[in-house]
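Visitor: Before anything else, here's the structure in question.
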């Protein structure tokens with residue numbers, strides 16, 4: 001009798017699995033109902049809706065950051081990356097320590113010193129309204145391009161294990177997310193993230209633990225992975241065209257993730273919703289620790305999957321269409337006989353997708369309202385009208401994400417696609433904030449031309465690379481997998497049936513299109529400096545005698561004239577007492593003045 005490659009070949013959800021999944025969606029909906037109706041009085045102001053009154057707790061904010069940054073793309077695609085290309089990507093986990101230090105000691109002090117709640121408001125204060133509008137537009141465009149992917153991937157997993165139409169489940173779950181985000185605002189987003197983050201950790205841990213046990217223990221997993229060349233994490237190759245090396249995984253991801261975590265409105269909005277800068281820094285360090293644990297677990301999941309199918313690749317024998325669907329197949333295989341466990345895992349993937357989607361929908365609504373609707377004065381502004389408008393924006397954005405699933409379905413390797421799309425603007429955003437905070441002489445002309453040049457150049461490089469990929473001039477063949485043991489499962493295949501794929505080699509000529517997609521954000525960041533600094537110099541550098549020191553990072557205050565620093569220090573207390581600087585965004589009504597004075601006292605004590 002021929003044995004099966006999977007212990008659970010039917011690949012369908014049980015009643016228990018549907019029950020677990022329904023409970024998860026029910027909890028998320030209940031949180032939205034609670035904050036939307038039972039705490040309605042507290043959500044009347046726009047600041048409460050978007051910032052939780054700046055009284056959010058440190059630990060929930062940290063868990064919310066973890067849950068929203070580790071999207072369904074990470075849960076599904078990182079194990080696929082490990083399976084296909086090895087463990088090199090894991091370097092991003094320890095790199096997060098350096099990323100957190102950069103955010104905590106360069107960006108966070110500037111945001112708190114200037115009472116910033118909309119991070120792009122900083123660009124108007126530092127440079128000009130035109131710079132802010134340009135970067136805000138690139139952020140909104142980027143999020144609308146990438147958000148449908150974040151929510152579609154969980155639907156992909158659900159379809160793999162249940163057989164339900166992928167677009168039907170995508171629409172249902174998006175609807176739940178839209179509902180609780182509209183009703184509850186930032187508080188509902190954060191507390192659903194907490195629940196979903198716990199589900200993510202528990203389910204990932206259980207799947208890995210059971211998988212290791214079924215394979216024969218940790219030593220057997222590592223032995224098989226080493227034999228398949230999946231444990232190399234210190235590939236020190238300096239070739240920029242190599243897909244993943246130590247340098248791409250560390251330096252490349254340093255620029256990508258610093259901009260994504262520290263300079264995107266969805267993250268900054270939560271970072272500044274805690275009472276003080278010390279709370280914000282604590283939340284980021286908790287996030288860092290949680291990220292390392294979850295990312296390590298996520299990466300190891302891919303190694304375990306490879307060890308499970310080390311002698312018979314499910315992709316080659318047609319059981320799985322592509323690597324991004326391996327994880328749900330593996331889950332159904334190793335824990336499918338445990339009633340409810342596949343449901344827990346699918347809840348994990350959907351939790352990751354929902355947390356990312358809800359955080360971005362909430363921040364997008366506030367940003368679009370403030371920058372693109374309120375200035376036109378189409379109607380009388382009140383907190384009630386602002387909140388209603390933002391809820392409509394959330395609804396429209398959610399429907400757009402559902403419709404875009406038809407296009408996302410056609411994508412190839414998801415992780416590569418997400419990084420590529422994000423990199424069109426991520427380098428420009430990272431570069432312009434660093435230019436403003438670290439180079440006091442930069443002016444509005446340098447900022448605008450630098451960021452615009454970065455977006456144009458990166459669009460050109462990425463478009464050229466995508467054309468080359470479609471023409472098969474660029475490819476990233478995965479590491480070899482084996483089918484030697486497939487005959488035991490009834491598959492009459494051999495290695496000769498699958499020709500070895502090799503990346504195109506052209507040693508005679510280097511092309512910028514051939515650089516690894518992980519370097520895109522790094523190149524985009526440096527483009528801002530390469531253009532912004534010379535343009536600032538030739539158009540008249542910023543006059544430091546009339547400069548506000550708190551607009552740049554405290555780490556580079558030594559670059560400013562001593563008299564500027566002394567004047568700012570001596571006049572700060574008096575000026576702020578007589579003419580308190582208003583909150584930059586989302587404090588619209590006069591009755592919040594007393595709240596702000598209280599908050600200002602907390603901020604001054606922190607500084």
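Cβ atoms are placed via backbone N, Cα and C, with glycine included.
Where the annotation comes from TrEMBL, it is an automatic prediction and has not been curated.
Fair warning: this is a prediction, and the values are worked out from it, not measured in the lab.
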Visitor: Quick check on the annotations: TrEMBL lists transmembrane segment for one of 493-516, 517-540. Which range is it?
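Guide: Spelled out, TrEMBL records transmembrane segment over residues 517-540, not the other listed ranges.
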Visitor: Would you mind telling me which of 310-335, 414-439 TrEMBL tags as transmembrane segment?
Guide: 414-439
Visitor: Tally Cβ pairs under 8 Å between the transmembrane segment (344-369) and each listed stretch (90-113, 134-158, 245-263, 390-408, 517-540), then give the stretch with the top tally.
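Guide: The stretch with the most close Cβ contacts to the transmembrane segment (344-369) is 134-158.
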Visitor: Is it true that the transmembrane segment (195-213) and the transmembrane segment (284-307) have 3 or more Cβ pairs under 8 Å, skipping pairs fewer than 6 apart in sequence?
Guide: yes
Visitor: Report yes or no: does the transmembrane segment (134-158) come within contact of the transmembrane segment (284-307), defined as 3 or more CB pairs under 8 Å with a sequence separation of 6 or more?
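Guide: Between the transmembrane segment (284-307) and the transmembrane segment (134-158), which are separate recorded stretches, there is no contact, as judged by 3 or more close Cβ pairs.
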Visitor: Do any residues, 6 or more residues outside the transmembrane segment (414-439), come within under 8 Å Cβ-to-Cβ of it, and if so which ones?
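Guide: Same-chain contacts beyond the flanks: 73, 76-78, 80-81, 106-107, 110, 119, 122-123, 126-127, 131, 135, 138-139, 141-142, 145-146, 149, 153, 255-256, 258-260, 263-264, 324, 446-447, 450-452, 454-455, 458-459, 462, 465-466, 476, 517-518, 520-529, 532-533, 536, 551-553, 555-556.
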Visitor: Which one of these stretches, 90-113, 164-183, 284-307, 390-408, 517-540, has the most C-beta pairs shorter than 8 Å to the transmembrane segment (245-263)?
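Guide: When the Cβ pairs under 8 Å are tallied, 90-113 comes out ahead.
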Visitor: Counting Cβ pairs under 8 Å that are 6 or more apart in sequence, does the total for the transmembrane segment (284-307) and the transmembrane segment (517-540) reach three or more?
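Guide: Since fewer than 3 Cβ pairs under 8 Å link them, the transmembrane segment (284-307) and the transmembrane segment (517-540) do not come into contact.
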